[in-house]
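Participant: According to TrEMBL, the record shows the following:
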ACT_SITE  D166  active site, charge relay system
ACT_SITE  H199  active site, charge relay system
ACT_SITE  S517  active site, charge relay system
DOMAIN    43-118  domain 'Inhibitor I9'
DOMAIN    161-342  domain 'Peptidase S8/S53'
DOMAIN    398-492  domain 'PA'
DOMAIN    503-565  domain 'Peptidase S8/S53'
SIGNAL    1-25  signal peptide
Amino acid sequence: MTRLSRYKMPLLILIPLLSQAPAIAGPLMASNKANTNQITTSQYIIKFKDKAQSQNLNSSKSVGLSSEQLAANIIHQLNITSASPLGEGNAYTSKLSERQLKELKNNPNVEYIEPDYPKYLYSQHLGQPTDRSKSRPTDVNWEPVLLHSNDILDSDTGNRTVCIIDSGYAINHPSLISNNVTGKDITGTGSWDNPSISHGTHVAGIIAAMQPNDPESDIGMRGIMPNGKVNIFAVKVVGANGSIMTSDVIKAVNVCKDNHANVISMSLGGFKSSKLEEQTYKEAQKAGILLVAAAGNNGGTDNSYPASYPEVMSVASVDSKMAHSAFSQSNAQIEISAPGEAVLSSVIPKEGRIAELLVNQQSYFPKGVVPTERYVPNDKGSYNEKNINDFYAGKLLSCQITDGKYNCRNMTDDVCLIQRLKDQQRAPNPESMEERYPEINPIMACQNAGAKAAIIYSSDAYPGLQNPFLIDSKETVNIPTVSVSKDTGDELLANLGQWVTVNIKPQQDFQYENGTSMATPYVAAVSALVWSKHPECTAAEVRKAIDASATHLGANGRNHVFGFGLINGQNLDKLLGQSCGVN
């Protein structure tokens, strides 16, 4: 195979920022499900009335003031020193004392006050050729093939702007450096193009990663629009500590609107809604912007916001075989689905981790080889990532399954090929982390048989490429392990006895992630790509056409798992070409 054919398209990711790899987030918590009734905050959103009702604070100084001036005057009089304007609508966010909160609630110029709740990044952690008209092996870039976007040229995308609200954009990444990109930081923690975590860079790669500068590079991927023509505006809403507030997202949406965004991609969310936030999306929708957000990663049925506002498309996650991801939330607001399981994309340079699998020197990287993410307990009741990055070469042997149990022969100093019997479970049951993430079972079966490396291939129930977490509560695992699809596993079964190399490499520029965070930029990118061919269409027409042209999945009609189905670029292009899909 050629060097070029070894580039792989990105996959998807998602789960709150209490996710799992340092490049993306922090430690894995014992439960991914937030208690929506116990979220508290001392930060508030203050919405002042558009017309002044009275001037009851130092009225001699406030006569004749506009509503905006009066709001500023009230904030000053109450000594609210941390107030920050939200861009539009005469609204502020600030920490408030009990006295300040009481005074504002009793002020006739205040329309309402609501908590400024936190939001989280929805990555779970816990590429095609430049000439897209050329044929490619489907196992190299399955996402654009699955989404039917691989044959749509991105030559017209300069007429579209995609605004990414996230953690920033690593401008020094070799696959992102040449894009037509600018941005803004609203956190006060540094430039938008120098992020402290990789989540936004992973999202950006899915949308618009270009071919790495080194044509001889073995490892890489490309985005849905890889030719550097689409306009990208990156709004950094995540600071060094990973915090995001609802008010940050409100500010960011207004920044996107001010910078002429056509599509806004939001791979984040929280379990609490906000009056002002929803009003912000109403205004963005009126401005002709297509709004796309992650459905969430707790595996339950909770609504997540902004995805669950009517003005926003809620995006669920599927794997490479179009199966619903176990972490992806299911509810009535789910509108569309896209790949979000084991997604390869760009990260801050040298903060990624990938795996190579060689059989008689033939690389299996293009087929998808995911290094296992290992988590061990910490003294705070959660888990820290503690990966095993190692190299091993040996003879490939297979572990048998007898009566639903692993039956491995002596594999001393060999490489173990084993099928996954149990898959990641949905929340909230079971509660045990080991039960929810049973990846340790096949790994320990191989290790106990004497193997020095393990290749776990997908189950019959979920044959697509998976990226499950290894919960190693007793820190017993000591061998390098990788995950491959069932198709790849079946191919490897035909190579038993051959010499195999497993090599897990840290300090890379790319990484696999899971989450509705990854599915979201696929929807944003395919929408922008096809919309660029039909710029006369409105955002409302594009959204309606996306739903009508989707590849249907699951129960009849729109359903709570997949929404209208998998976004389909080819069908969308045809429908928008017919008077923008208007009947």
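Cβ coordinates are placed from backbone N, Cα and C, and glycine is handled just like the others.
What does the local environment look like for each feature on the list?
Facilitator: Listed in sequence order, L121, H199, G200, V203, A204, A234, V235, K236, V237, V238, S265, M266, S267, L268 are the same-chain residues at least 6 apart in sequence whose CB falls under 8 Å from the CB of D166 (active site, charge relay system). D166 (active site, charge relay system) carries a strand DSSP state (E or B).
Counting every protein chain shown, 33 other Cβ atoms lie within 10 Å of the Cβ of H199 (active site, charge relay system).
In the three-state DSSP scheme, S517 (active site, charge relay system) falls into the helix class.
On the 0 to 100 pLDDT scale, the domain 'PA' (398-492) averages 93 in the predicted structure.
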Participant: Using DSSP, break the domain 'Inhibitor I9' (43-118) down into helix, strand and coil residues and give each count.
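Facilitator: Its residues fall into 23 helix, 20 strand, 33 coil.
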Participant: Could you give me three numbers for the domain 'Peptidase S8/S53' (503-565), the DSSP helix, strand and coil residue counts?
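Facilitator: Helix (H, G, I), strand (E, B), coil: 27 helix, 14 strand, 22 coil.
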Participant: Within 10 Å of the Cβ of S517 (active site, charge relay system), how many other Cβ atoms can be counted across all chains shown?
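Facilitator: Looking across every protein chain shown, the total is 41.
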Participant: Take the domain 'PA' (398-492) and count its residues per DSSP category (helix H/G/I, strand E/B, coil), listing them in that order.
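Facilitator: Each residue of the domain 'PA' (398-492) counted once, the result is 20 helix, 25 strand, 50 coil.
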